[in-house]
Each structure stands twice: as C-alpha cells, then as structure tokens.
Amino acid sequence: MKKLSNKQKLIIILVIAAIAVVLQFGFHLQLFAQILVTVVGAIVAFSMFIGMIKTIRSGKYGVDLLAIMAVVATLAVSEYWAAMVILVMLTGGDALEDYAAKKASTELKALLNNSPQTAHLVTNGKTSDIPVNDVKVGDQLIVKPGELVPVDGIIKNGEGLFDESSLTGESRPVSKTAGDEVMSGSVNGDNAITLQVTKLAKDSQYQQLVKLVKEAESTPAHFVRLADRYAVPFTIIAIIISSLAWVLSGRPERFAEVLVVASPCPLILAAPVAMVSGMSRASRNGIVVKTGSVLEKLAVAKTGAFDKTGTITSGQLTVDKILPTGKIDSTQLLHYAASAEQQSSHILARSLLSYATAYNVSLPPVDQLTEITGKGILATVDGREVKVGKLKFVSPENLNQMLASTAIYVSVDGQYYGAITFTDHIRPEAKQTMNRLKRLGVTNLLMLTGDQAVIADKVAQQVGITQVKADLLPQDKINALKAIPTNEHPVFMVGDGVNDAPSLVTADVGIAMGAHGSTAASESAAVVILKDDLSRVAKAVSISQETLRIAKQAVLIGIAICTILMLIASTGIIPAFFGAMLQEVIDTVSILWALKARKMTD
C-alpha cells in the first residue's frame, strides 16, 4: 500500500474534523462526534508511538513523546476538540514543511526543468532531429542560436558566446571558438555552431548535475531533527510543569492544558525548513548541497583538507620544458610520452596532448595500456615498452634526476629517456579563501597531494596552509584523513580529480570542484561547487554557519514561547482548546523565522 503524503494526511484529518463538527453542531450528536475524534486520535497517537519506539531503538531520541502525551491527555479529560486541533496542527505542520521545502528548492528544480531533450544531427549534409539519448560519441550536431547545448562536445565550426550560468553560477557569457569544449546545459548565443559529440547524454555535464539535484532532493536530511538535541530537557520541563499544575490544582485537565501548549511542532518544523532554505540559498551561489546534515557539519568544521592540482592551483598546466637525456631528441621524447598518455584523463596528460597536437607530433595508437593509479602508465608504443609517470615508477635507479617542479618522467625499454616539466598557477582566490576559512573557525588547514613535497610545500606556503602531506596515493590520502584526531573533526576535503573520489567519501564532508572536475569526484562528494572558484568553499561554510544559527534561533524561539505558555496554562487561564490554537501561532512564527535562511542576502 502506498504511503500517504503529509498533504493527504492533513486532508483526511480535516475531513474527519468537519464531519465531527457537523455531527455535534448540526445534528447535536455530541457523543458520536466525541467517539469519532477519540478513535482517530487514538489511531494517530498509536501510530506516532510506534514511530517513536523505532526511533529510540535506532539510538535517536525525538520529541514525539510530548505530542503523544498531549493527544492522549486531552482525550482522557474529554477535551476532544483540543485533541482534534493538535491532530490538525501535527499533520498541517508536516504538510507545511513539505510546502516550504518545495518553495525553498525552486532554484534546484530549474536544472531539471531545462534538461535538453532533442538534438539536431547532421548526416551527409542533412539535418534531422533526434532524441538527445540517441546521440552517439563522434556525431556532429547543429546548435542553433538561443538553444541549449544537448551534450558535451567540441566546437568544429563556428564561434559564439555561451551562457553557463545554470551550470557554474557565472552570469557573464563565455566566449568559445573552434576546438573549445562546450558543456551540455549551456545556452548558445547568437551564432549557430557545429558540435562534435564527446560524451553521451547520460555522461554529459548537465545530466550529471541533474543526477546530483535528484539525489539532493531524494536523500533525507539527517539533520532535520535539530530539536532532538533539546528534546530531553524540554520534555522533562514540560512533564514537571504539567504534573505540578495537576497536583497543586487537583484538576487533571491542568495536565492536558499544559501539554497542549508544550506540543513540539515548532521544534520539529524549524530545523528542516531552515536547512532546506539554506540548501536553496547555497544553490543560488552555485553550490549543490546534497543533505541538510552536510550544512550542520560544515558549520562546525574544524579541519579543511585540499588537493593541490586543480583545486588550490588552476589546474591549467602547460608544458614548460622538454628535457631528453641525450639518447633521443625532444620531439622523440614528446612522441613517446604523449602517445602513451593518449587515453589518460589525468590533467598532465591533457596538457601534454594539447602541446603535442599543437606541434604536430605524430601519436600512433598504443597497445597493452595499463594505468597504475598514483604512479603512471605502462604502454607499448611503436613496439617498445614505454613508462610515463613518477620517477620512482619509471626509473627508480635514477632518483638523483628528480626535478624540483611538476614533471613526468619517461623510460623506453627500461632505459631512462628524460623528463617533461609543467607549470601551473595558484588560483588568485586561494590565499584569500584560506584566510577567510580561518576567520570562520576552520583553523586546521592541510594539503593532501600526490605531487612532490618540494612543490607542495612551496604552494602551501604561498596560500597559507601549514600542514602538507605529499607523494600520496589515493589510499594514503584516506589514511591521512582517518589519522586526523577526533577533536579536529568535522573534516571537509576539497578535490576535483578521479583520484580524489575515495577521499571525498572518507571525509566528514566531501567537496568537489565540479564545474570542470571529474564526474567521479562530483558523485562522491556531499557538496559540489558548480563554478570553478575556490572561494565558494568558504562561501559554503559561511552559508552553513548562518543557516545553523537561524535554525537554532527558530528552535529556541519555539522553546521559549512554549515554556511561557506552559507556565501561563498551569494557572488554568488557557483552556485546552485555546492553547491548541495558540500552538498554530507558534508554528507560524518558527517557520517564518526559519525561512530567513533562504532570504539572507549574499
């Protein structure tokens, strides 16, 4: 049987309430109205009790006990209309939470609504429209002015401006010419272009972001019960006040009257509304946050770990020097290295191939290609065994040839043939980002990189990172994260490459530079930065802290109002029915306050 939605539950309760009103005030059948409300109230209370037992057995303690006690107490003293108001309040509060979540996630849903559906395929000079899912790698497509780019590809003919705002948050159009990569989901400007497909629709950038958004919406936020932290003391206070009111007055209805205003709806509602609002605000800033619990962890993060290449640095590496040993010339060294790296997705390989292509270096197909994670590539080029990668892997007997710069080393048939060096540039916003993170309380900053220590230390010093762990394999990064002391948690890890994916899962919060990073990193991360801007990491922490602050404020406001009303109700001034109505006011105040998390200016 399909589970009822909160809206459907509210409708059922309202219908039953209407029937009860008609029975009592239309047909003067008070007993039937009381029986109807009592039966429904008992069923709902029992259902909540079962849910509470499951929650307690899982090690989590909620605030459901107060709601159950309020319903049972009002029914026990024949205040069945107050019980009905509480039932409407509980189901209405859940439905209102769903509505607020739906309204707050408008920005995220924009991605889903704009998903490309068709493509203009060019075949033998003729154009035909086909479903985007039927597009194959290598196909040539026409993208007309104003259209969404349906799949990732490279411009073959034409040039123009592309709006990538839905992907990266960057409002300024980006100029693209022949040979440039174009991401699916970007909007073409005024000129038609011919696009050569490089990825299937399901693997293209836009569809990956859509997948992330769907995951963000379908994954329950574990932090939605922030009020549970206050559940035990608040429940104890409510029971003490209600019990004293009963004992001192000798009237059992006092117990019910106090519990009615102590019903925890505002506490239950405040946190999830604030969290979803914070996630919506993050999405407006080009940051996809998958769950509400991630916001909580980021808000109190003490340690930030960063990959180097493509994260702290721009990742736009270019070939600097080609250093053959003398056994071959520069062109031959480049020929062997680039040929072996043709199928690699590593950022150094992409730069090397671009350089080789620009200089018209021949790149024959390779045989028996083996990529050894964190070390390099072993391939057969022109019938010769070629190793490309780290010096310890390529030629361990020549460690004295180690260079103090980013480089790959090459050996052919077991003989060391030389090295190719690369230059990279530190992101201009990197140092400012580290300083801001420190001001936000992330005082422990470290770099985890597979690069050489001498290079990593130099970069870390320039951006303000004090701890560096270099020459790390993916497993070493995981071990380094696990070795961080408990008192320095929560820990977030920022990366962009395939090798970073395991680390992003290991950290308390994984943050992927997803605009141009690897799909594996984006899928493994709890947070995806859509714009290629490291400062968004600090922005994510800032938004998380402000969201958590507002969530706590909303919860504490609810507790304060409830406590005041409990004290007043203990004197008998507030009848149970009127107290139940006051709870609706508390609900509204808490939700409106929590929605501030969405409306804060950036």
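Placement of Cβ uses the backbone N, Cα and C atoms for every residue, glycine included.
What TrEMBL says about this protein:
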TRANSMEM  10-27  transmembrane segment
TRANSMEM  33-53  transmembrane segment
TRANSMEM  65-90  transmembrane segment
DOMAIN    115-214  domain 'P-type ATPase A'
TRANSMEM  230-248  transmembrane segment
TRANSMEM  255-275  transmembrane segment
TRANSMEM  554-578  transmembrane segment
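Across the domain 'P-type ATPase A' (115-214), DSSP classifies residues as 20 helix, 38 strand, 42 coil. Same-chain residues lying 6 or more positions outside the transmembrane segment (33-53) and placing a CB less than 8 Å from one of its CB atoms are 13, 16-17, 19-21, 23-24, 62, 64-65, 67-68, 71-72, 74-75, 78, 80-81, 83-84, 87, 90. Outside the transmembrane segment (554-578), and at least 6 residues removed from its termini, the chain residues within Cβ reach (under 8 Å) are 74, 77, 79, 81-82, 85, 226-227, 230, 234, 237-238, 241-242, 244-245, 249, 251, 253-254, 256-258, 260-264, 266-267, 270-271, 273-274, 586, 589-591, 593-594. When averaged over the domain 'P-type ATPase A' (115-214), pLDDT in the model lands at 83.
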